[in-house]
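Q: Sharing a structure, written as structure tokens. Questions coming.
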Amino acid sequence: MAVAAWLQVSPVIFLLLGAQPFPLSFLGAGPAPVFAADRSKWHIPMPSGKGYFNFGKILFRNTTILLKFDGEPCDQSLNITWFLKSADCYNEIYNFKADEIESYLENLKGKKGLSGRYQTSSRLFQNCSELYKAQSFSGDFTHRLPLLGEKQEAKENATNVTFTGDKIAMHEPLQTWQDAPYIFIVHVGISSSKESPKENALSNLFTMTVEVKGPYEYLTLEDYPLMIFFMVMCIVYVLFGVLWLAWSACYWRDLLRIQFWIGAVIFLGMFEKAVFYAEFQNIRYKGESVQNALVLAELLSAVKRSLARTLVIIVSLGYGIVKPRLGVTLHKVVVAGALYLLFSGMEGVLRVTGAQTDLASLAFIPLAFLDTALCWWIFISLTQTMKLLKLRRNIVKLSLYRHFTNTLILAVAASIVFIIWTTMKFRIVTCQSDWRELWVDDAIWRLLFSMILFVIMILWRPSANNQRFAFSPLSEEDEEDEQKEPMLKESFEGMKMRSTKQEPNGTSKVNKAQEDDLKWVEENVPSSVTDVALPALLDSDEERMITHFERSKME
């Protein structure tokens, strides 16, 4: 739980930190991973012997569950039993495991430790042909019965419960009675006939098809809000792209490399959201997911987050702002980005494919440690870069860093509040009754990231003054002054300098005293909230040398 919470807050810290000079970095750090819509249509081959099928979903009221059977004729007798149960707590279906079906059914019959209501019915078929003819259940239909001490209330209200009839046809749909989490279980008991050979005992006798359809076709109540959210996010990213293209077209001659990367991150985010929305639409109308589309979406998300973190590190190091090149540090940046791409891609693919669940959970651990190390690296680099900008007294670049750092502080505070809220509401409660709001746990982080991306776009928007953010080393100015000095001497050679009388008015002393006062204020008084928020870090020998070099040039 702690690892998952850190994975949610660390991307916010990470993106916000580095995205200051480089807006597109923000989008790359994705929040909590997306869990794509679950399928609502299954084709299950049923072998000889006893078999179970189950699913747990949050369903709309009047959602229909349709059972279909198809296969070759057989002489085996079949006993088909189904259970449909609603739950008051989402934990009951979330923690339900397939290998616990038999014990769960025993508790259901004994009404032990369960909540909600349930329906059940059973029918014996003499052979497969009888099953394929859509025979009906009769006599074994059980009314919905409340659990957990609500027997008396159920008896009083039993006469008010209405059904479509005394018999339910096997191929007729079952129907839910309220918006709630549901568990559906089908038990197929198959007895081999005496005439059938033993070697065919394990062969697939028939195929059972289960379909779940509600007001929005195959889309369930837990997936419908996320589909709407991804549709809105697609529109938002399209607007971001149009706005960025318009700015870039107006000032295309003065575009910086950073602004090209911002456009690339916007495009990746738009593409990622479109793939997820298309997957939800496919589930809605076909009931089955396209696994390749899910894998593509997860890989796009991993590339986007890795690119964002790499760019944030580069910008926090001052590349293009106070340094013309990174030198040997560039290799460290590339390795960090490659490692994050590897771990995030592995975790996403394992999660959406449903294979190796334990490995997918373990993939969170290296991601958490890597995010921690990268955040610490960004904090140190960002502090050093802001110190150099203060020494150079570059007000424009320093203001850019401060504005985004203030945004960072607010976003980190908001992320902490959201983590506390989601933990208290969804994770540590014994009965998760607010299942209607589960989609917010994923959507809130993506919404927060989009807001930060918009702030980055505003700070780094293309304009006529783009070059004010470009790297301008002080050494070039010194070289120009040195080249101008001998030319001035030759121009005025042979001319006499008139002596000027020094006026002892004390002006020089006053100016020197003012400079000393300003220097003391600059060194001892923090100039903004960012100086207080970012802790003072010990200067290394290399930092002292750089600081001394910058001061000597200014003097």
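Count begins at 1; order follows the chain as displayed.
Cβ from N, Cα, C; glycine included.
Below are the features listed in Swiss-Prot for this protein:
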TOPO_DOM  22-225  topological domain 'Lumenal'
DISULFID  C74-C128  disulfide bond
CARBOHYD  N79  N-linked glycosylation site
DISULFID  C89-C431  disulfide bond
CARBOHYD  N157  N-linked glycosylation site
CARBOHYD  N160  N-linked glycosylation site
TRANSMEM  226-246  transmembrane segment
TOPO_DOM  247-257  topological domain 'Cytoplasmic'
TRANSMEM  258-278  transmembrane segment
TOPO_DOM  279-305  topological domain 'Lumenal'
TRANSMEM  306-322  transmembrane segment
TRANSMEM  326-346  transmembrane segment
TOPO_DOM  347-361  topological domain 'Lumenal'
TRANSMEM  362-382  transmembrane segment
TOPO_DOM  383-403  topological domain 'Cytoplasmic'
TRANSMEM  404-424  transmembrane segment
TOPO_DOM  425-437  topological domain 'Lumenal'
TRANSMEM  438-458  transmembrane segment
TOPO_DOM  459-555  topological domain 'Cytoplasmic'
REGION    491-515  region 'Disordered'
COMPBIAS  502-511  compositional bias 'Polar residues'
Q: In the structure shown, which of the disulfide-bonded residues C74, C128, C431 has the fewest other Cβ atoms within 10 Å?
A: C431
Q: Let me check the 10 A CB neighbour count of C89 (disulfide bond). How many other CB atoms are there?
A: 18
Q: With H, G and I counted as helix, E and B as strand and the rest as coil, say where DSSP puts C128 (disulfide bond).
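A: For C128 (disulfide bond) - judged by DSSP and reduced to three states - the answer is helix.
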Q: Distance check, please: Cα of C128 (disulfide bond) against Cα of C89 (disulfide bond), rounded to an integer number of angstrom.
A: 38
Q: With a Cβ cut-off under 8 Å, give me the same-chain residues at least six positions beyond the ends of the transmembrane segment (326-346) that come close to it.
A: 298-299, 301-303, 305-307, 309-310, 313-314, 317, 319, 363, 366-367, 370, 374, 377
Q: Ranking 226-246, 258-278, 306-322, 362-382, 438-458 by the number of C-beta pairs under 8 Å to the transmembrane segment (404-424), which range is first?
A: 438-458
Q: Including all protein chains shown, what's the count of other C-beta atoms within 10 A of the C-beta of N79 (N-linked glycosylation site)?
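A: That number is 14.
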